[in-house]
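I have placed the structure first, in the form of structure tokens, so that the comments after it can refer back to it.
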There are 2 protein chains.
Amino acid sequence: MANKASKVSETVIRRLPIYHRYLTEIIDRDIERISSSELSKLTGFTASQIRQDLNNFGGFGQQGYGYNAVDLRNQIDKILGMDHTYKTIVVGAGSLGSAVAKYDDFRASGFKIEALFDTNDKLIGEKVDNVPILPYSEMKEYVKENNIDVGIITVPKQNAIDVIHTLIEAGIKGIWNFAPIDFHMPEDSDVIIENIRLNDSLLKLSYYLKEHFSEK
Amino acid sequence: MANKASKVSETVIRRLPIYHRYLTEIIDRDIERISSSELSKLTGFTASQIRQDLNNFGGFGQQGYGYNAVDLRNQIDKILGMDHTYKTIVVGAGSLGSAVAKYDDFRASGFKIEALFDTNDKLIGEKVDNVPILPYSEMKEYVKENNIDVGIITVPKQNAIDVIHTLIEAGIKGIWNFAPIDFHMPEDSDVIIENIRLNDSLLKLSYYLKEHFSEK
């Protein structure tokens, strides 16, 4: 992961969305403030770990009061760049691509889907939530001309590498990859790639289920 | 994660699907055998780490020959329980649920989708790849009567906790959860839950993009 782009260690960054998720749950339950030790109970991280993590960003807690849940989440929103908007395309307009394009949390996170791309003539011209599906052959030009920031990859693994290379050539800044491949970003590239490992997760589940069954 | 169900540490288990993925790439490229040091270059794990991991399962390498890629992957298939079949349902038949139900790698991994469930009357009676969408009100009985092993959760987060509780009451063995919640499995439960954290991944990408932009 391109954490060279970051001043803070990736392990801290990995925990921020977790804080964000719990804070959202807390806010949904109308709880106004929370201490690092309460956050510790929820997240399983130690209280000092949590204070340390948040100190990386200026530490917003107050002695004896703890953290104001809304303020802290807003701060984390900023830290996570959720106040930015990213022009985004989805490559692969099949069921996964369409599902990802409809994924509500995109809007909340500032990823604005501008178009989907596919090679399947049956899909081209269709729309997903009013976002058009365009021919893959036009993707590279589209990314250049529209200064697209992020490409989401939901194509089959045999096509994924080519798609990633094409997006990089077109000047993409970030990639959210759902294809079960490992793409090693060239050293000189500062494109950020984040992978969703559905298969790894599924195999892990399969392993524990097998253990579970074989114990019976 | 319910790694109490496992004899091997979770960190090792987490690496097995990664070996599996690289071995599949190697096999697809018609490469017959691979050494632990070649696997090390690919995966970024040290060669001794890799040998150690695989030794946990009886170590299939041969001095000076390395690993036969197909044999090793077959062994890992077995270790990961990919020779088992798991009766699976999808809860939430929206775009994500349908995409997951169509997800090809399920069949390969032995997760057989028996039914989808939803509360939306418009969806009930429809089919996804010939798998029926049934009323959510019937889910609990269906899981009991058909000895369903695995429930995949793609419902909105506000419903996810109830769905998980209902599945556990119905005797489910494993849960693949796509809802952005943290469910703390009761101590006495041996139900296995594996979470896909789309939001966490998205926020992580957002963070690195923001850093990236603010550097320019």
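Using N, Cα and C of the backbone, Cβ positions are placed for all residues, glycine too.
Cβ atoms under 8 Å from those of the DNA-binding region (B:18-57) belong to residues 8, 12, 65-70, 72-73, 75-77, 79-80 of the same chain, restricted to positions at least 6 beyond its ends. What TrEMBL records for B:18-57 is DNA-binding region.
Annotation comment: TrEMBL describes B:G92, B:A93, B:G94, B:S95, B:L96, B:G97 as NAD(+) binding site. Mapped onto three states, the DSSP output places B:G92 (NAD(+) binding site) in coil. Cβ neighbour count for B:G92 (NAD(+) binding site): 27 (other Cβ atoms within 10 Å of its Cβ, all protein chains included).
The domain 'CoA-binding' annotation in TrEMBL covers B:81-182.
Taking each of the binding-site residues B:A93, B:L96 in turn and counting other Cβ atoms within 10 Å of its Cβ gives the largest count for B:A93.
Neighbour count (other Cβ atoms within 10 Å of the Cβ, all protein chains): 17 for B:G94 (NAD(+) binding site). Taking all protein chains in view, 25 other C-beta atoms sit within 10 angstroms of the C-beta of B:G97 (NAD(+) binding site).
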